[in-house]
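K.L.:
Take a look at the following structure, please.
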Amino acid sequence: MSIAHPPPAIKPSAHAALKEKVKIRHVKHFLDKIIWGLEDQAIKHPYYVKFLDKTQFTMGVLGVMLTQYFVVARPTQFWMWYLVCTPVVVALRIMYFKRVGWQYFLLDFCYFVTFLSIVHVTLAPSDDRRLFRVLFIYANGPLVWAVVLWRNSLVFHDIDRMSGVFIHIMPCLLYYCVHWHGCSSSSMLLHPTPSVNYFLPPSHPQDSLDGVDFVYAILGYLIWQVLYFVKTEVVDRAALDARPDLLTSLRWLTTDRKNGFSLLVLGLCRYGGIMGPTEAYDPRTIKTKAIFVAAQLVYTVVTFAPTPVLFTSHFLHCMYIQLIFVAAVHNGASYYFEVFAKLYHHKLLLLLQHEADDGGTTVRTAPGAAST
């Protein structure tokens, strides 16, 4: 008769390894929820929601601090920080936009300029000053003014809002640094020397923008507009007609009744007799499309106006950037105090109720769920 032996005890090292595997699996599942954010996998417990928001807030503040460091202390190496951050931000925008049906926003002019700026600081020859001047006009004109027009806000815990500010402000900071300080090689970051080795030298004091620069800037904008129109109105027209939930810039501007730019254009068109007194936008009609193509062109050209002064005055350029940044901060403050406080409290109450419904009549909270 054989004697049954008890199973061998798990050695401490094996037990620790097993616990580590389980922990890694839980962390991976947790990160999958954060990254993909599927509705059936969303993190809904108040404790984890607040943990993620606090983490995102911290990362947002650190990002602003590092950006300030490079602009003030390492302006000739700012282009490296720009190249590190931009792919990450664009990747986050792609994931978020695809999830909510906003992927056609990735075809907007700001992303076109972002792409050109990366090409400029990585591939363009140092003696190609025309491309630099055109991008300076774009970055300090229509892109940075979008912060004011679209009310971009520094809401540090919100990746979508922070990445929107990044896309519109960072090219302006890049070309501030390129124009006034130039771009030095990456070796200068670790081994600074008295003589700076520029691959994109700063502009000369006597340099200025001329009429040809603005002609090229308008031509570049028109090229983008034609490509955008062909993509959305010819190539993808059937797909967009079949998916009214997909947003394009035109659909958003014509359906958002609170957008100041859209309301201004509508008022001017009614005043000028282009549209009837009670006529509304219809993104399916040629008239509405033509109105917004023309309106965006006018906006772009008007925002070119301050760039010649900014190109020749370091002081005014600094003040200009500060005012835009103040606008983003003010928009963020307005959001936090007028919208966020009420919405966040309501959101946590709903999540707590969801937990109570799942677990019975007693509300079960994780440690720290009630803390701020």
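Each residue, glycine too, has its Cβ placed from N, Cα and C.
Take a look at what TrEMBL says about it:
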TRANSMEM  57-73  transmembrane segment
TRANSMEM  79-97  transmembrane segment
TRANSMEM  104-125  transmembrane segment
TRANSMEM  131-150  transmembrane segment
TRANSMEM  214-230  transmembrane segment
TRANSMEM  290-313  transmembrane segment
TRANSMEM  319-337  transmembrane segment
K.L.:
Report, as numbers and ranges, every residue of the chain located at least six residues beyond the transmembrane segment (290-313) whose Cβ falls under 8 Å of a Cβ in that stretch; write 'none' if there are none.
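P.N.:
Same-chain residues near the transmembrane segment (290-313) but 6 or more away: 109, 133, 136-137, 140-142, 145, 149, 179, 203, 207-209, 214, 217-218, 221-222, 225, 229, 249-250, 253-254, 261, 265, 269, 274-275, 281, 320.
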K.L.:
Do any residues of this chain, six or more beyond the ends of the transmembrane segment (79-97), have a C-beta under 8 angstroms from a C-beta of it, and if so which?
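P.N.:
For the transmembrane segment (79-97), the far contacts come to 35-36, 63, 66-67, 70, 103, 105-106, 111, 114, 117-118, 121-122, 159-160, 163, 166-167, 170, 173-174, 177-178, 183, 186, 189, 200.
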K.L.:
Given a Cβ distance threshold of under 8 angstroms, which distant residues of the chain, six or more beyond its ends, lie next to the transmembrane segment (131-150)?
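P.N.:
Long-range Cβ neighbours of the transmembrane segment (131-150): 109-110, 113, 116-117, 120, 124, 164-165, 167-169, 171-172, 174-176, 178-179, 200, 209, 213-214, 216-217, 220-221, 260-261, 299-300, 303-307, 310-311, 317, 320-321, 324, 327-328, 331.
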